[in-house]
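Now, the feature entries from TrEMBL:
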| type | residues | note |
| --- | --- | --- |
| TRANSMEM | 15-31 | transmembrane segment |
| TRANSMEM | 37-57 | transmembrane segment |
| TRANSMEM | 69-86 | transmembrane segment |
| TRANSMEM | 106-126 | transmembrane segment |
| TRANSMEM | 138-164 | transmembrane segment |
| TRANSMEM | 170-191 | transmembrane segment |
| TRANSMEM | 200-220 | transmembrane segment |
| TRANSMEM | 226-247 | transmembrane segment |
| DOMAIN | 273-344 | domain 'PAS' |
| DOMAIN | 348-400 | domain 'PAC' |
| DOMAIN | 404-435 | domain 'PAS' |
| DOMAIN | 629-728 | domain 'Histidine kinase' |
């Protein structure tokens, strides 16, 4: 496709040029019949004159030529002309320079053609790059000097002609290579065709075609006067004439089409870019504002007009700080603006308020920069602004809500779906004995549960039902148990795939302790009241009855009555001891105790087990129990002595079951316990000879969740099994 799709018109001036070129070519060709030397000299000097004219026009137009193609060719043609001139003056027959041979004139021809071909390849490649005209001039001067030096002084330029043999292989291959380079130059010119006027493009292309024909004809060189040489020179005349008309004639008479063509193209491109830029600004969802040095609006986009509530005509030209900022803010912002204009941009990013047409105050986050001219003087400022009014309002609300959450008495914690803590407030941290939420963030919430089963159960319920409300036993940093009432909710934000669990907690430990204490106290009162009113009263009645009967009894009967009275009083003593132990139960905090050591200490203070074989295999564990744990083992072992009848062996051992519970077993080889007695073995009772010991044992163990049962067989011995939950025992 040729540049510009307009029809190519040949005007009168073009016709005169082609006619003149034809007549000149014919005249020069006819001169060959008179003298080849005259023909050669005229043809070469014509090329030298044309090359010089091309350089003069290109050099004087260097400040206006934008695509640089013509300028690169113009500079190169000066030096091509110089080499061609030296080639002409060194031609054999003129005898202007002595000592020269035909090889030198062929070398100079080849060198000039190489320089021409390279130039036409480089010109389209460098036409849009800033290469520097003086740098190009110096570079071509150096190359030309090097060529002349290698030909005339050093003799390093390859031999191109041998007298008696003709042209060398180097010369022939060079002509083919130069031809190939001209073909490449034609293709590159075609690629860049849109950068040229149609007629200029065709003339330059035609010039390259004739240069190609000229070079190709010299591949058939046999002698100086051979027809191929004559045809080659004629093609060179036409080639230089066409390049002259394309660059010099067209450049002088039609400068708009050649030198200033790209200026108009650039102007059109700038207009398109300006319109496109305006469209981009109007599409953008940010405010775009340009102020001159006085602070007056030069440019504002659609978004800025929407935020302010004005039309563009109501904004452009007005003082920004006076009309569009609230009183007070305008003066302060103008002061900062003046500092930036005069001293360089120091407030690149700044927040400020603007006043809309309706009187509404909006907060804008500005990004600012300065516009400078070619003298590096500030001419305006350009700013992009984001309306953050709603964002600031949301941030303010969030801060208030965060303060409200942080100051809540309730502990607040947010968990991810792996039950890890992503947020905790101060109340939660203090509730569990931590100094700040930072200590907790990132921890697994499992550390606050007595066992992992509780945590999994709560999490499953929250996910399945969307929430959970209830009380659970939890654990502080120190290991102390607390009871918390929790309200948990499963949250899945609409704008996020990251679900979470929101939990609110209240420490109800004290409340539960009070409730348990009241219930325990009430139960103790009932039991103690029953003992006081019934059992002790019965024993007192029995003792008084025996004492009364002693008045009329014989000495033998008196001894019997005294024994029975002693038994009644002893019962009263035991019941008094029980009430004392019972009222002390649960008053002290539980602690870790070694069952084996507890039994050994009990045995050391009680000598009545001297004849009993007591085996202890429970010293490698500790259980979390009430300080009255020695009463548990003492009572059970005492029962073995009192009720076992033939007990000779007691064994205390420990093991672990499938549920990770610790099983502590106390068994003897006595008569065991009947099935009937087992039914009420651990129940409190009222009545003569009813024991409270095992009831007390059960109550002591239950304080920390430990259970007890009897698993012995009647006739084989009693076997008491104490079951300790996983969280209430540990190995030592």
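The backbone N, Cα and C atoms fix where each Cβ goes, glycine too.
Contact between the transmembrane segment (138-164) and the transmembrane segment (69-86) is present: at least three CB pairs lie under 8 Å, with pairs separated by 6 or more positions in sequence. The listed stretches are 15-31, 37-57, 69-86; of these, 37-57 has the most Cβ pairs under 8 Å to the transmembrane segment (226-247). Contact count against the transmembrane segment (37-57) (Cβ pairs under 8 Å) is highest for 69-86, out of 15-31, 69-86, 106-126, 170-191. DSSP states for the domain 'PAS' (404-435), grouped as helix (H, G, I), strand (E, B) and coil, give 9 helix, 10 strand, 13 coil.
For the transmembrane segment (170-191), the most Cβ-contacting stretch among 15-31, 106-126, 200-220 is 106-126 (pairs under 8 Å). Per-residue pLDDT, averaged across the domain 'PAS' (404-435), gives 80.
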